[in-house]
Amino acid sequence: MPYFEGFQLNHFQPVYLVTPLAMEDGEYDNLEYKHSNEDHGMDMDDLLPQVGEFGTYQKLMLWLVCLPACFPCGFGAFNQLFMADVPDHWCNIPELQNFLPEITKNVSIPFEDNGFSRCSRYVVNWSRLIEDSGGTIEGVEVNSSWSIEGCLEGWVYDRSKVVSSIVIDFDLVCDKDIYPTLGLVALNVGGPIGVYTFGRLNDTIGRKKSFFLCLTTLLIGGILTVTAQNFWWWAGSRVVVGLTIPAMYQIPFIISLELVGPNYRSFVTVLTCMFYTVGLMMLSGITYLIRDWVHLGLATSLPFLLYYFYWFWLPESPRWLLAKGRFEEASKILETLARVNQKALPDSFKQQLKRKIMYKPSKSEEEALKKSPGCFELCGTPNMRLKTTLITLNWFANETVYVGLSYYGPSLGSNEHLSFLLSSAVEIPTYLACWLVMDRWGRRWPICTCMLICGACCLATATIPDDAVGITLVLFLVSKSAISASFLIIYPFAGELYPTQLRGVGIGTSAYIAGLGLIIIPFITYLGSEMLILPLIIMGVISILGGLTGLRLPETLHHKLPQTVEEGEAFGRDFNLTDCLRCIPLRPETSVVSSYEDLELTPVKVTPHEETPFEPKMPRRSTMRKLVRQQSTMDTQRGSNGTMQMTYWF
């Protein structure tokens, strides 16, 4: 699971903080408005059931183009964990270079509680001592009263496990041991800047051009990384790479969502999450085979040059083209989609849609569009203020702990590559479990229970012996799996708690504030260099606090979602202790089939014989059919022209 990303499970989509683009006079001509009940112009959600919601065309795009496009994001986000491996090291003494390193360490390096010192050495005249002992160092007797000084002439590195890293090449140890942590901070600083920049480009120049511009930026950052001659050059290159994370993942993902029908967006999102995790598992294998940090940087960036061939196959989003008034280009893509799916594109589609998009809004409608609720309404009333605070705190705890555990995984266990592989693999059953559980047991108790389990496992590491590395790894994997589950649930849960009028700005604000924790996370993991379990204890406390505060939030399963700010203030206002302790949500007398309700989305009838990748030739169980094809009614945030927007997304 990408740590910056939003996920859709059982009726939910990734969400964005939408920043309206500045519009010149006359640009409203290309906007689509639901201006009257009489105008029932056809849009993409009306068209796709007729030409195929998830037919052959969408499957080819998904399997051959969009899903493989998930790999660069994970590679760029986590390859530097292995570039900055810290080997065992001790002070270099030029007078003793002709002797075996282990022997020189025994006589020249002070012994401390945890082993030989890494940053100090004895101050003696080694040439005289060697001469007095007959020309050999074996005869030198160590005197604990010798004076001690720092490493003035560099370090000797044990390359038996870490063959090459930036730590070795740039001497990032002792007084510079925090520098690799600053490299992670640099990567995370670039993320919010890049996701906003590429989000604006994605909504203005199109998805296809934005993807290749993002790919080019990633490759430039990768090349700058491997050509770095000093740490600051390397850190600056990581900022460039960070600009593409997670935008590199988002853009093809949005294209996928805009190509398939509403009934398959949940399935596509879960599948995309799994591909991302598979990419992280592939990265663990690559880092195991390639131990040189320069070669690793090349291996995790240059192969993506092949993605430029996608220019000939990756289509522009028809929704975006239609919203921009580029009807001929959109028609060609839709005709190809219909032809590959062995369907027929309705002859009246272009005329109806063009008439709807070219509609000129009145001044009153323009004013109504400008008067949308903002951040003030999130905290303008007591109940909304409480819910906004609790959602943001819970989101902060989830993101901090999830990303912290992802960064900390390689440092646990006896094999960092195996630890990273396992910490990634445990997310896959998490996705499937959340997919099944959320519509049965709700959101509140599953998310809080998972966070409490995560916190308990993290704190349990403080009670086991320091040498029990295996037990620590098991507890870590359980906590990583639990926090992954809660991190998935927070997206739909927050989206359901915020009313429709505030959903975009609410989720965007909470995600932005929670995302500030990304700058803190590397410093938390840095504490593990002195005490291995200390970061786990800190993250355990954060997770437990987040889980306990989340219990105060009202359950949303089986409830009609609030649409207006007033309904949002009323929802959960009468929350009491009985509601807090109730584990299984009650179905209200006037319940809806789904816990989501978006009045802007028209229900779509699905072609009954359409298959999905999980659909074998033999008859399927109805439960699998329901899971794979279920209508996503809490849709991705859109502009007034109907296109999905990606201005901001963690």
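Placement of Cβ uses the backbone N, Cα and C atoms for every residue, glycine included.
According to TrEMBL, the domain 'Major facilitator superfamily (MFS) profile' annotation covers 127-558.
Summarising the annotation, TrEMBL assigns transmembrane segment to 178-199 (among others).
If you look up TrEMBL, you'll see 211-233 (among others) marked as transmembrane segment.
As annotated by TrEMBL, transmembrane segment applies to 239-260 (among others).
As annotated by TrEMBL, transmembrane segment applies to 267-290 (among others).
Residues or ranges marked as transmembrane segment in TrEMBL: 296-314 (among others).
Feature annotation from TrEMBL assigns transmembrane segment to 445-464 (among others).
Sequence-distant contacts of the transmembrane segment (470-493) (same chain, at least 6 residues past either end, Cβ-Cβ under 8 Å): 1, 6-12, 14-15, 391, 394-395, 398-399, 401-402, 405-406, 408-409, 412-413, 419, 422-423, 426-427, 429-431, 433-434, 438, 443-444, 446-448, 450-451, 453-455, 457-458, 460-461, 464, 507, 532-533, 536, 539-540, 543, 547, 553, 556, 634. What TrEMBL lists as transmembrane segment is 470-493 (among others).
Annotated transmembrane segment per TrEMBL: 505-526 (among others), in sequence order.
As annotated by TrEMBL, transmembrane segment applies to 532-551 (among others).
Counting Cβ pairs under 8 Å to the transmembrane segment (296-314), the stretch among 178-199, 211-233, 239-260, 445-464, 532-551 with the most such contacts is 211-233.
Sequence-distant contacts of the transmembrane segment (178-199) (same chain, at least 6 residues past either end, Cβ-Cβ under 8 Å): 4, 16, 19, 77, 80, 84, 86, 166-167, 170, 172, 210, 213-214, 217, 231, 234-236, 238-247, 250-251, 407, 512, 515, 518-519, 521-523, 525-526, 645-650.
Within its own chain, the transmembrane segment (445-464) is flanked in space by residues 394, 397-398, 401, 434, 437-438, 471-472, 475-476, 478-480, 482-483, 485-486, 489-490, 493, 533, 536-537, 539-548, 550-551, 555, 583, which lie at least six positions past its ends and keep a Cβ under 8 Å from the stretch. Here the transmembrane segment (532-551) has Cβ contacts under 8 Å with residues 390, 393-394, 396-398, 400-401, 404-405, 408, 411-412, 444-445, 447-452, 454-459, 461-462, 466, 472, 476, 479, 483, 486, 524-525, 580 of the same chain, all six or more residues outside its ends.
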